[in-house]
């Protein structure tokens, strides 16, 4: 046993210090980024925000809408190959280029992933997703996927430390997914005592990834657009959002009615709700590590995406970054004891 004494920070522990700027308007800020990925060599340009691969968020409908904003969607792994086939036939390649095919790490998952990718060459992204990216089995699966799919962009995770980011990149990942426990409906930190404050994880993992020519995605911990800006400011190349995109028309959560008001259920993918839906219940050897919440229906996701992107542009103008890529170079974090004036409630 040992204790690391250094302070680790989450998004709520800091604010971004404003700086002199030559920008006259938020409209001058360019959010699109261009990447050439380490292993696949593929060039991609777009707004580096990703809808999370949760079965109530990473849906086909979400992918269609977000593609119109040049935003990615990690489509959840529970659609059948037949459902994927119908989707591929229905949408243009411009949508498919903004889609990640999510997979688990079993042999059946691998076979299913290959069948889905064979449906269209426009499907370029793979998201290999497990709660604990530190297992040898996960690394072996990543190596197997890289060997089978040399031209695909592989996003793999989740981890929170630099040495594991390096191992995953050297094993074939183009992008490493960073975050253990920060999600809005994740209870891993409560159930296990394991985790890492998200901003510090992003800063440390970005440094490790960029040293090897890889990228990271900050997964979890964002509850407002300012948190998204902080993630990019901390060095994240992509930011993945679940709760901020939940409860919209494009989601597939079950709708319930209470006292005449309708709500949509949103739950973590290790919650009892998720395990009942997909594997028949919680296995007797494990505990659920997610919760279920009821969200008021929020309408179309369009307005939420515009709000997030507007907040990002504004953050860039406050520090003089004309392009999103410049935000991390222009960011100085200050530690704070409060985030906002709550006299009329939280914004």
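Positions of Cβ are set from backbone N, Cα and C atoms, glycine also.
As given in Swiss-Prot:
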ACT_SITE  186  active site, thioimidate intermediate
BINDING   108-131, 216-239  NADP(+) binding site
BINDING   181, 183  K(+) binding site
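Features per Swiss-Prot, on structure.
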residue	record	Cβ within 10 Å
114	NADP(+) binding site	15
120	NADP(+) binding site	18
126	NADP(+) binding site	28
181	K(+) binding site	24
183	K(+) binding site	27
186	active site, thioimidate intermediate	25
216	NADP(+) binding site	33
222	NADP(+) binding site	27
228	NADP(+) binding site	24
234	NADP(+) binding site	26
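Close to residue 183 (K(+) binding site), meaning Cα to Cα within 10 A, are none of the binding-site residues out of 108, 114, 120, 126, 228. All protein chains included, residue 108 (NADP(+) binding site) registers 9 other Cβ atoms within 10 Å of its own Cβ. It is 34 Å from the Cα atom of residue 120 (NADP(+) binding site) to that of residue 181 (K(+) binding site).
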